[in-house]
Structures are given as structure tokens and as C-alpha cells.
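According to TrEMBL, the domain 'tRNA-guanine(15) transglycosylase-like' annotation covers 13-410. The Zn(2+) binding site annotation in TrEMBL covers C349, C351, C354, H380.
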Amino acid sequence: MKLELSRVVQGCRLGRLTGLGNSGQHSLEVPGCLLYTRCATVPHLTQDTLHTLRDLPSVTQVSVDSLAEHLEVLEEFKEGVRKFAGLHDTVVFSSLHDSANSSPAGHVTNKTVSVWGSGGRIELTVARFMAIQAAIQPDCYQSMADGETWQAGTSRKRVRKAVDRTLAHLDECLVLHQKSQGLKRAEIFGVVEGGDILEERLRSARETGKRPVGGFVLDGFHSAAMDQDVRVQLIKAASAELPQEKPRLVLGVGHPDEVISCVEAGVDLFESFFPFQVTERGCALSFNFIIDPDPETAGSSTPTVLEFNGEMPAVKKLNSNGDENMTLYEMNLKDKRYQDDFRPLVEGCSCYCCKKHMRAYVHHLLVTNELLGGVLLMLHNMAHYLGFFKALREAITSDRLQDFKNRVLRCREVD
């Protein structure tokens, strides 16, 4: 695995992660995102339905918390989660937790961390954690970490202990990694912890950077947990301590404005749980990320980003009768205003949902609890989110990042 950077603009790292997978033939453009799954399946979508989407990420993310209770089955199967789950040719990245789920805190010791599966809490030692990774057979995976210091008010002593534990876990993982035949060709990512304390973030980054890891996971920056300015300051400082030639993946960040801020701070990779969360709310991503064409290039290429439908959805009004977690980047299709709206979800979107169906039909599916509603929304939301990342890379390439930011953030001004 090799990170090839083509340019760095105002902190943004543009390039490609190459040499991925057992064959080394896969690559992933950065900044970019991984393909989110639950129990190794993209929610609401079969593999065939999923692959109607264009430009899917070449890296699929699975999580230990959803697979830990299946350890015996995977060990008996012997061929890893890729074949077990019927995944198409893809690179597998294994993380500890599913960022779309919140887990109870207070279940970490010096020797163990806990994850929650469908049957409840599962306590993991490093040995058991590595046994699960060997059964999953990922191409890349994060090391075990104490990530419970993102809550506001966590003491400096607790944060220091989390950094110490995470480094100790990494050292143990590296020893077992070298001994494992099943993980011989996999890359391990070290985890940078430190809560909101700058000194501990720097220490964690500095010490993790000394280890023989393939990349870095920046943990504890979850959207609901930290002020955006603080997050950016900490990521910039920690990134400066990390080797520039290795990729950086941030966990728990998905909102478009936060993604842009993290990219400017030096982050390369993100998760894609946000479209799933929007789908679960019965909502559709509808924010605008098209940049007004450059007069010199206008008409020379097909637009690759989406334009709104000549309106800005009244998201703040929808919040009053929708999910309290709803963001300004989505429209609530359960709302009655859409019951006779015969337009596609987003004009110009090339996803199956927008080409074949209208807002009124999706509204009907949602209010009658038809399963197809989730399928169509997930198709659209993934297409929209992937389009956002593609437009972000194009904006960096063309030195128009500020125009891109202005366009994306404009939806936050809705009255």
C-alpha cells in the first residue's frame, strides 16, 4: 500500500492510495470515503443493487462489533468475511466500532475493550481481538484502542491513561500480527487518541508514528462530541506529527461541512455512515455542491455534481415534525408536503431512484413502511454522498475549494 500525493493545497492532500488488496491492483482516490456496511452488508441493498451505483469506493469497511459474535462461524468457514458475505472484488478495512451506533461508556480496562453485538456486550482482550481479525481476513485493520475519552469533561488523567492503553494495545497487536499467517499480508493502522487535550493528542500521534504501521486512524472526533474549531486544531496538530507518506482515516465524522474542515486539516479518508443515518430518518440528501462553471471551461464537459431543484428545502421547518438529529443537508420525505410532489428527489441526479421515481412515491413508501422506501433512499443517499466527494476532489484540483465550500455551506443559511 502506497499513498501517492499529487498536490497539497491549503492543507488538503490530493492523490491516490495504491497497491491495495492481495493483488495490489486496487486503488482509492483521496480525499475519499470507505463503503459503509453493517455485518459486512450495505444496509437496505443487495450486492447487485449496490453495484448499480457508479464510482463505488474500492474499500469496504466492516466492524468488529457486528462480527465478533460470529467468530466461531468465520473460523470454521476459514475464507474470511469477503467470501462469507458474498462481497464483490473489494478491499476490506476492519474497524473496531460502527460509528453509526453509540456504545455505552465505562467498560474499558487496562487489558480489555468492549463492543456491543446483537446479543449484548462482548469483552475483548488483544488476543481475542486479533483472533477476530484473523477470521475476518481484512486487507487493512485498525489496532485495538481505548476510545472512550471523547465525552466532554473527561479528565486529563483518564485521557492520559487511554493514550497509554492504546499504545500498549498497538504493541501487542503488532507482535501477534507478525505471528499470524492469516494477517501476514494485511496492513495495520495505529490509532491516535487523546480526547480534547492537545498535549496528549501530540504524544499519541508522535508515539504511534514511530511504530511500523501502514496508516493512522484518528479517533474521538465524533460529530456530536467536539466543537468543530477544536477538532480542526487538534487534527492539524496531530497530523503534523505523523509521517506524510501514510494515509489518515478519521472516525465518526460525516457531515459535509465537517468533512471539508477535516480535509483542510490534512485528513485523507472518511467513513460513509452518514447516508445510512439519513436514510434511517426517512430523509434524502439534497444539499447543493455544484460550482458555477468556469467561463473558460463551460460546456466542455458533462457536469459531475448536482444542482438543487430551483429551491432550498425548508429544513428548519421540517425539523419540528421530523427527527431531532436531522441536518440542514437533507429533506424529510415523510413530510406531507411531498405527498403530491411529482419531481425526482434531486434534479439531475443519475441514481436509479431519481431516474425512475418521484418524491410523492417515496413519501408513500415511507408512510406505509414499505421496505422499498429504504432501498430507494439508500441508493440516492449513497450516490449523492459519493458525488460530493468527487466534487470535493475536483474543486481541489481546479483550485476552487473556497467556491465549493461556499456552495455546500450555503444550505446552512436556510430560514
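Glycine is no exception: its Cβ is also placed from the backbone N, Cα and C atoms.
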Zn(2+) site shell beyond C349, C351, C354, H380, criterion: Cβ within 8 Å of Cβ centroid
P344, L345, V346, S350, Y352, C353, K355, L379, A383, H384
CB neighbours within 10 A of C349 (Zn(2+) binding site), counting all protein chains shown, number 21
Note the mean pLDDT of the domain 'tRNA-guanine(15) transglycosylase-like' (13-410), expressed as a whole number.
91
Would you mind listing, in sequence order, the residues at least six apart from H380 (Zn(2+) binding site) in the same chain with a Cβ closer than 8 Å to its Cβ?
A284, L285, L345, V346, C349, C351, C353, C354
How many other Cβ atoms sit within 10 Å of the Cβ of C354 (Zn(2+) binding site)?
24
